[in-house]
Amino acid sequence: MGKNKLLYPSLTLLLLLLLPTDASVSGKPQYMVLVPSLLHTETPEKGCLLLSHLNETVTVSASLESVRENRSLFTDVVAEKDLFHCVSFTLPRSPTSQEVMFLTIQVKGPTQEFKKRTTVLVKNEESLVFVQTDKPIYKPEQTVKFRIVLLDESFHPLNELVPLVYVEDPKGNRIAQWQNLEVENGLQQLTFPLSSEPFQGSYKVVVQKGSGGTAEHPFTVEEFVLPKFEVQVRMPKIITILEEEVQVSVCGLYTYGKPVPGRVTMNMCRKYRNPSNCYGEESNAVCEKFSGELNNEGCFSQQVNTKIFQLKRQEFEMKIEVEAKIQEEGTEVELTGKGATEITTTITKLSFVTVDSNLRRGIPFTGKVLLVDGKGVPMPNKVIFITANEANHNSNTTTDEHGLAQFSITTTKIKGTSLSIRVKYKDHSPCYGYQWLSEEHQDAYHSANLVFSRSNSFVYLEPLPRELPCGKTQTVQAHYVLKGQVLKDLKELVFYYLIMAKGGIVRSGTHTLPVEQGDMQGHFSMSVPVESDIAPVARLLIYAILPDGEVVGDSARYEIEHCLANKVGLNFSPGQSFPASQAHLRVTASPQSLCALRAVDQSVLLMRPEAELSAATVYNLLPVKDLSSFPSSVNQQEEDNEDCISHDNVYINGIMYFPVSNTNEKDMYSFLQDMGLKAFTNSKIHKPKICPQPEEHRIQHHTLLASPVRAEMGRNRDFVHFDDTSEPPTETVRKYFPETWIWDLVVVSSSGVHEVEVTVPDTITEWKAGALCLSRDTGLGLSPTASLRVFQPFFVELTMPYSVIRGEAFTLKATVLNYLPKCIRVSVQLEASPAFLAVPEKEQETYCICGNGRQTVSWAVTPKSLGNVNFTVSAEAVESQELCGSEVPVVPEHGRKDTIIKPLLVEPEGLEKEVIFNSLLCPSVDFVFLGAEDGGQVLRHFPPAAATDTAADAHDPARPGAKVSESLSLKLPPNVVEESARASFSVLGDILGSAMRNTQNLLQMPYGCGEQNMARFAPNIYVLDYLNETQQLTAELKSKAILYLNTGYQRQLLYKHFDGSYSTFGEHRGNSEGNTWLTAFVLKSFAQARGYIFIDEAHITEALTWLAQKQKSNGCFRSTGTLLNNAIKGGVDDEVTLSAYITIALLEMPLPVTHPVVRNALFCLDSAWKSAKEGSQGSHVYTKALLAYAFALAGNQERRTEVLTSLYEEAVKEDNTIHWTRPQKPRLLTEDIYQPRAPSAEVEMTAYVILAHVTAQPAPNPEDLKRATSIVKWISKQQNCQGGFSSTQDTVVALHALSRYGAATFTSARKAAQVTIQSSGTFSTKFQVENSNRLLLQQVSLPEVPGEYSMSVTGEGCVYLQTSLKYNILPKKDEFPFALEVQTLPQTCDGPKAHTSFQISLSVSYIGSRPASNMAIVDVKMVSGFIPLKPTVKMLERSNVSRTEVSNNHVLIYLDKVTNETLTLTFTVLQDIPVRDLKPAIVKVYDYYETDEFAVAEYSAPCSKDIGNA
């Protein structure tokens, strides 16, 4: 190493001496054409030509060559001696989104020719799309309003056809769609209504562009009450570990700007990095609590000592979090705000403000650094130290009042081709300790590369320190050093410059410099107007061609403010108004702009903050913001035609050194590459390269490089009053409380102004408004937010929940607020209504309220009607001689009475039940039902060629296109809750449509074990296979399914055992043994998923090996582990059933029948079937269904046919359907008016028969498909509203069967089908189903419940119809298969804590027809206002309880099984919100696999009648 350092300068000097010295080519014609390496179609692009010293007229031409065609871009005839200009050209749209093409530039004259060919990337211009909703969150039954905005890459509006727009709910259902939408002037507004009972959660609007890309915008649907005030937590953003105190303030501010009175509770915590759930809160975090009253400004401040938070300890997170709750005075409404402060070990920090990434030998290297403390505050008058070893530089300097310091480093004697600079303030602390943090003083590091020049002539651009603001002209200094020996007799030197932005050349220019004798050094300035055309990143290139053909230059990168050319303004006049008054909204923008306006209640934004639509978000849509290099597909090194340097190797001390080209040095070519520009030139832009030597002359060992190897650094040049004219009314009635007030389109006049007169809503709040404007000339513009505060000094407001239960009393609170300077006496009245019963808390006629005071009046209200019930409350200032304190109350001249009318949703009492009716109606399929025959059905096969064979056939009602009908009778049980019934009717064009949209939510029951996770995993494979086979798979559906597969794969590994097997709850639940059945399920699913996601082969190999070890000598498999579903044990031959299941799994992987494990397993099954045929007892239906499918997979058609024949002897044939039942199934409760869905095991076994039919080899015959169709009709009737079934295994097997059947019968050529549903009365609705909307969920509410309806389908294909009937019932004692008792401790309202806390004790046992249940779920609903204490729920997890969950006001307890022995479960609940006259809550226990085996009970809080007084 030492030799290398000593010899290094000598070798560098040697290379310099080897440069040619007779390179003068003065007067030789020079050509330089610069074109971006990325070109967009259908938009103007530029290429810049520089031709100098021409001695004849030449033609410059550019052509683009693709695999399809050659296209001329431009042709210029140049007669001038010197020329510099940029040519614009436009490429047509390409059939592919992007492709690499060859660009050829030719300069040709009578005596000379220059031609060069290189690659460029050509991309089709992408339209930029974004969506704006009128607000971020919606309630049920509200209308969602949204806008689609389409722009080109210059932000100008587009007229474009959008193929598809749709809205997707949280379950993945497509609930609204628009096809082939013509968007004009870049904007389209759409709306759709939410149903009364939509899924709650995150929705999204999806826009599919013509190019195939999509844009998405989320919104939320919830039941909510808007917050009236904001809780602001104010604390430092950052503190250092040396801080001893931190100031925290909590403030409450109403949306109309007034302070909130009340009390604050503040919890300040520093969490552990690795918290524990075992020891309560203190094992999660170190916390300190504070509380106090808010002051007159609505704030509470606390100086907190940081000692408790142990800022110097490592085991904590590096932040302190604050959660503050403000309880409003009078209403007890409590809202929460959060804040956090970061903890840093950085005490001081140095950073480079302006510094070049390159250096030029002989020119001082300068820069500027900034010193700040840990909080980012500049530190003045501090000494800092600068070190640059390669330049042998050590110095110090002092920061100025802004914390800045400049430095300069001499580069004349620099070693090597790069410079590393270190700037430090203080040395780091020498003290280190385990789990302790040390203070840090961050140094600044920078590396700069040497710029190569043959003549040591340079031009360089001065760095700028900051983002450049729009609307101003920026001066850029260009410095130059020019050697006289190369300038010779030149009179003037022209510098050329280009500015690139968004990947294209946008500006160009020149600067002429008079040439003086000798060496020249100086600078000149260039003025750059900063506008939107060069945002968000501008790259500036400057260069000049010297007389000898050398090109000198530099490039710089500047961050530009995100600005838009269309300057939009928005303001309200006046800025503060009374409710229901008139106001003006003034919009200013470019003339003739189309402006979209929006004004939203600030409370909505407090409820759900949204990402602000800003210039930055629009710029983020750009596919190319900055072309920092060549695209990777064209990033090969350009051919260098310049001469290489040849010389001998150097021998020193017996070692041979050979020179290499230095990779760190920058040359003109690298500056052009930084710009993303392809250069076509005969000038010298490359540094000299070493001529390659024969390989045999090289020394392979102990070779030292003539230049050090360093990583090349990227270039970084980072641098309230009322309007007197508005008179308030004497009395106000306020009933209009929109959440979105303004949602309009207006066109700005030719003067650039538009005024809208608006009526202010009745909400006392602040409205936040914005405008989005589009102009053909200037493009997009966005206004700053405009605010209008709506206020009156005397008003009343109501505090109500989102909804209440009929008959359940709640407290209605009306708060009267007086912001007048004087006291007033107020009368408050609640208008009586037959819809509710109201009892005032206090019988008081009037209340005294002084300035800035309030009074809350309460009523105990019991609703009597369902739906939206209006509450009307009036507050009136009355005349009185009774003093308010020492003051005589006044009656305001204006606004003496305020009336507010607000609705409240009243929901039915009791237990909600849902009944699903499914139908698969097929007016035209290959197989059509003709009617019943001998208790079964007859089907006819219509081959397509026989569509018009005979006249008789044409009139056959079963022919394709015939009408197929089915009746629908909606009935209600006698114990139905009055007015609670509602029904909806849905149409889908695909048999798997609902399931493929809901693969994560197929079951309406909890998930929490390894089997349930696989039930979510496996259907994704079947859906992907089905969509692939039917050519319906879209990129969006594929990505969603693959996401689910990846997450399911990772989750399933949690349940893996060390030996490769899997169990229901994994090893951590104390299960020492894997489960044979579940391991087989996982094995086949992982194997099938390999085609879509990465699956580690080790998991498959280990599971297969483990299963092989369980195979007995007769080929059958031993059962190990606990089966949660004991229905699989219900057959006569447990071993055969399990072996059949495992054999199926192995064949589905797929393993060949010749595989030893499979071959032996098939021997087991064949032997078992022979024994069953010969024996008198036969075989269980479940077992036979599995055997039929196993033999079908194995290709044993003889055995398959035998087993199917036996199965059909036991089939149940009714209503044109076929299915199978178990001989001894559990007794079902018979009091329901509707037959419950079939048990899980019966769906599963019936689905296996479908698979046996459609897996017939080599292909299913018409008879197989005929029978499969009959079975599918029955299976489809068992689906739930999510597309799943009762439980896990039936869902997995049935969806597998439906996907195979769907693929076997699918046709893409079908025409439309028309669906009609009509009642016996006047209601009738039609739907159209075709290929384009077959995945769209079309839905309508049914008006008559109870009622009689008929459903009919005409046209072609099968249509899946689903009706959902919901109603509430009052539960009653019955003969349940479970014994369930619920008690509360205490049972009565005794003791000081009974109002706020009690225990729920559950006793459960199984008394059904079986020895024990399968896995069971206990679902405990909380009474209103109470929440479970999670640690007490977690403590239930012991031998019989596998898992617990707390979700959506429910506690879910998983039981491995329930026997006749009583199991007792107890946990604690705490009061969250006081509620009066609590209704009982429901507890339900049910068998996970036999969901019709259940029991319900109810419990009441100990203090149900008076708990609201707590």
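Every residue, even glycine, has its Cβ placed from backbone N, Cα and C.
For the residues ASN571, ASN870, Swiss-Prot attaches the annotation N-linked glycosylation site to ASN870, which does not rule out the feature elsewhere. Working note on the disulfide-bonded residues CYS773, CYS922, CYS1116, CYS1164: by count of other C-beta atoms within 10 Å of each C-beta, CYS773 ranks first. Put simply, CYS823 (disulfide bond) is 78 Å from CYS48 (disulfide bond) when counted between their Cα atoms. Residue counts for the region 'Inhibitory' (732-737) under DSSP (helix as H, G, I; strand as E, B; rest coil) come to 0 helix, 3 strand, 3 coil. When the Cα of ASN55 (N-linked glycosylation site) is compared against those of the recorded positions ASN70, CYS269, CYS563, CYS691, CYS848, the shortest separation belongs to ASN70.
Counting every protein chain shown, the number of other Cβ atoms lying within 10 Å of the Cβ of ASN70 (N-linked glycosylation site) is 11. In terms of local Cβ density within 10 Å, CYS1358 ranks first among the disulfide-bonded residues CYS269, CYS848, CYS1358, CYS1503. Geometry remark: ASN1028 (N-linked glycosylation site) versus CYS299 (disulfide bond), CA distance 61 Å. Following the DSSP three-state reduction, the secondary structure of CYS823 (disulfide bond) is coil. Comparing the Cα of CYS251 (disulfide bond) with the Cα of every entry in CYS269, CYS773, CYS1164, CYS1503, these being the disulfide-bonded residues, the smallest distance points to CYS269. Nearest Cα neighbour of ASN70 (N-linked glycosylation site) among the listed recorded positions (CYS470, CYS691, CYS773, CYS1116, ASN1440): CYS691.
In the structure shown, the C-beta of CYS251 has more C-beta neighbours within 10 angstroms than that of any other entry among the disulfide-bonded residues CYS48, CYS251, CYS287, CYS299, CYS563. Among the recorded positions CYS691, CYS823, CYS922, CYS1389, ASN1440, not one has its Cα within 10 Å of the Cα of ASN870 (N-linked glycosylation site). In the three-state DSSP classification, ASN1028 (N-linked glycosylation site) falls within a helix.
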